[in-house]
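Shown below is the structure under consideration.
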Amino acid sequence: MNADNNSKSNNIVKRILSNPISGPYIALIILFIISTIASPDIFPTFTNIANVLRTASIVGMVSIGMTVVLLVAGIDLSVTYIMAISACILANIMAKQVADGKDGIQLGGVLLVLLIGCVVGLINGAIIVLRNVEPFIITLGTGQVLKGIIYIYTKGAPGGAVTNAWKTFGSESLFGVIPYAVIMWVIMIAIFGIILHKTVFGRHIYAIGSNEEAARLTGIKTKVHKIMAYVICGLTAAMAGVMLLARVRVGEPNGANGYDMDAIAAVVIGGTAMSGGRGTLAGTIAGVLIMAIMNNVLNLVGADPNLQIVIKGFIILLAVLVQRKND
Amino acid sequence: MGEYALEMLGVTKTFSKVTALDNVNLRVKKGEIHALIGENGAGKSTLMKVLSGVYKPDGGRILIDGEEVTIKNPKDAIEKGVAIIYQELSLVPELNAIQNVMLGQEINTCKIINSKKENEFARKYLDYVGKGSLNDYKTAVKNLSVAQQQMVDIAKALSYNSKIIIMDEPTDSLTSREIEILFKCVRQLKKDGITVIYISHRLEELFELCDTVTVLRDGQYIVDEDISKINKDWLISKMIGRDLKDTFPPRRRIESDEVVMDVQGLTGERYKDVSFQLHRGEILGLTGLVGSGRTEVLRGIFGADKVKSGTVTVNGEVVNINHPHVAVQKGFGFATEDRKAQGLFLNQSIEKNITASALEQISSGGFVSSEKERKLSEDYFKELNVIAPDTKKIVKFLSGGNQQKVVLAKWLASGSKILFLDEPTRGIDVGAKYEIYQLMDNLVQEGVSIIMISSEMPEVMGVSDRIMVMHEGDMTGELHQTEFSEENLMKLSSGESLE
């Protein structure tokens, strides 16, 4: 009887451990506990956690599209500049509106920059798929083009303004509890979670990443789907740009630097394979939170900012190595 | 010095709960060609992976030249004189023959490669193995034929001073002429005292080539015997543990004049002016040597490659298939020759593989119904008798025969009416082959029409209602039941005409 119970609970433990999503979440829990011990007075407080989530939601938004792109065995290095250009353009649009005494969410401007994100994604995807070239180098190239355009457009200086509605979005919380930015992230995660796991489109994305030639011979329109993956990535990057703008309240040409690598790291830490076909948004959430908590707690304990970068690098290495071992 | 080059005694290996090898014995005499056979999943590959140091055995002893050894890893195996030539060749496609042989043992001075010495060293082995059939050592091996690539692989093994060479299904992708060349090479090895362990599904070959055979079944050692003392039926009965009356199930032939597909003047990159008709409920065999363009024709019809000219008419309607997507909608299905590279989503479940091209049926508004998906996949999982715990099992872990069943299940689930099967039984054991032939017969009864490509003449003749033969991109002839003979097939395959 006792032994029976033991084996049953062993089975449950085994099943949890063998689920690929468990690794990132176990790491997340451990990190949370360590952080609580390291900074018992500040880290576990409600305000701090809300802040961590608010920051995480921006990388988190980029990571949604990055997950989709990685699932089709691609990569997008242009997200930083998509973020920056959408933030700067929107800031300038809003500056005029604010000067005219208007306030509000400026839906037209927001939709415009989201469209720009999609168009950049479309260009990325179309070049990669139709010319059959490496996504790494193509998105690196389009990213540099965008970067130059941003500098020309802004003359390299921060500018523009943000309407009150977006100021509220960037710093306030619903009922004073959940930051608005986090709500937006969660909604997008839910939407894309459903798209990836419940729709024909999602199935095709996984099939293409798993074996592109087999997918093609199965009758899947691989080219269209791959291009769509980059469009989604451009869209979420532009959304992240809007969120970043709401948070810093000024269009900053260099404000999004580092988001590309943070997003890729978060997605990979969350268990998505860079070779495609394997990974989930649930894992990506864990990856994003791990990165955010780490940044936060290192700040709280007053670690040298340069040392923080080193530690972050090691965590990425560790996460990827642990996953490879489980393969 | 004992009489055995290799003894593996009581070798046991379990993976989590599955026993892959249970107390298996393998005794290989010095300088013989020893066949190792068994159905898929019988444990041949696992046993060879233990021998080549990929897996650590849980129990048992390995003796090489009578001396007990522990093989720690693949490198260790090579140093002990054991080399394995895998089905998937382990050559670097962009390097030439000499560079491939020298890979990992480059002759260098201060890390700078001495190509002159390398040439000399590698040529010694390449000349020995490839006499007369492998001449170009300077071209990238990806430009060589599969048989030539194998020779490079064998030369590489010999260059490590290997005493025991394991060949895993070496003839699987060879034409009959290439097989002859390979056999000559293997016999030469034997003459020079090298011991060969030969794994193959093609039983005829064993009688032609091997001295002794060891049979495994379900991870257990069954028997070993001199080849001269046994026959094929005996071997099959040992492999499957029962008597197998016939290799091919009886065919219930359908006489129908209804043309489901009419191909006229199809011309592509590697074939020209191909015309033929496919009737309802027919199994049309398509054969010819590798490189005759038979696969390319089917790929062209299916929209997988571009077609230069020609028309395809399906059920009286001229169709323009420019992408496999269109082909699938028109009711085509294509089980490709290379299942792993072109047919399966290896890291996904059986269920998702089966439903991959049937998602339209089980979804509404773009949303997949998991209930319908479960039902559809389980229906075909059962109908095709896929051996696995459930449909959630990842396809990578299935045997070749079961993987092929999953591929077929995918096309059946998508409702294909015209099925292209390219080497449907390649790399599949006898029992599963029979099941696949039976399934093909059942399908044509239900009105499906099949074109089957096969290099194995007994198979083409045993299964087809009619056979088309290709030679270097041309359709050289068509044989009806009464004209089926190996002689006729050979003639047409080599471009001759029948008088």
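Every residue, even glycine, has its Cβ placed from backbone N, Cα and C.
From TrEMBL, for reference:
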- A:25-43: transmembrane segment (TRANSMEM)
- A:55-73: transmembrane segment (TRANSMEM)
- A:79-95: transmembrane segment (TRANSMEM)
- A:107-130: transmembrane segment (TRANSMEM)
- A:136-153: transmembrane segment (TRANSMEM)
- A:174-196: transmembrane segment (TRANSMEM)
- A:227-246: transmembrane segment (TRANSMEM)
- A:267-293: transmembrane segment (TRANSMEM)
Counting Cβ pairs under 8 Å to the transmembrane segment (A:25-43), which of A:55-73, A:107-130, A:136-153, A:227-246, A:267-293 comes out on top?
A:267-293
Quick one: find which recorded stretch in A:55-73, A:79-95, A:136-153, A:174-196, A:267-293 has the most Cβ pairs under 8 Å with the transmembrane segment (A:107-130).
A:79-95
Please identify the stretch among A:55-73, A:79-95, A:136-153, A:227-246 with the greatest number of Cβ pairs below 8 Å relative to the transmembrane segment (A:174-196).
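By Cβ pairs under 8 Å, A:55-73 leads among A:55-73, A:79-95, A:136-153, A:227-246.
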Take a look at A:79-95, A:136-153, A:227-246 and tell me which one has the most Cβ pairs under 8 Å to the transmembrane segment (A:55-73).
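Answer, by Cβ pair count: A:227-246.
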So which residues does the transmembrane segment (A:136-153) touch in its own chain, when a touch means Cβ under 8 Å and the partner is 6 or more beyond its ends?
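Residues 75-82, 84-85, 88-89, 120, 123-124, 127-128, 253, 260.
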Counting only residues 6+ away from its ends, which parts of the chain sit with a Cβ under 8 Å from the transmembrane segment (A:79-95)?
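For the transmembrane segment (A:79-95), the sequence-distant neighbours (Cβ-Cβ under 8 Å, at least 6 residues beyond its ends) are 62, 65-66, 106, 109-110, 112-114, 116-117, 120-121, 143-144, 146-147, 149-150, 153-154, 159-163, 166, 233-234, 237-238, 240-242, 244-245, 250-260, 263.
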With a Cβ cut-off under 8 Å, give me the same-chain residues at least six positions beyond the ends of the transmembrane segment (A:227-246) that come close to it.
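57-59, 61-62, 64-66, 68-69, 71-72, 74, 76, 78-79, 82-87, 90-91, 110, 113-114, 116-122, 124-126, 128-129, 135, 162, 166-167, 169-171, 181, 184, 188, 192, 201, 205, 255-256, 259.
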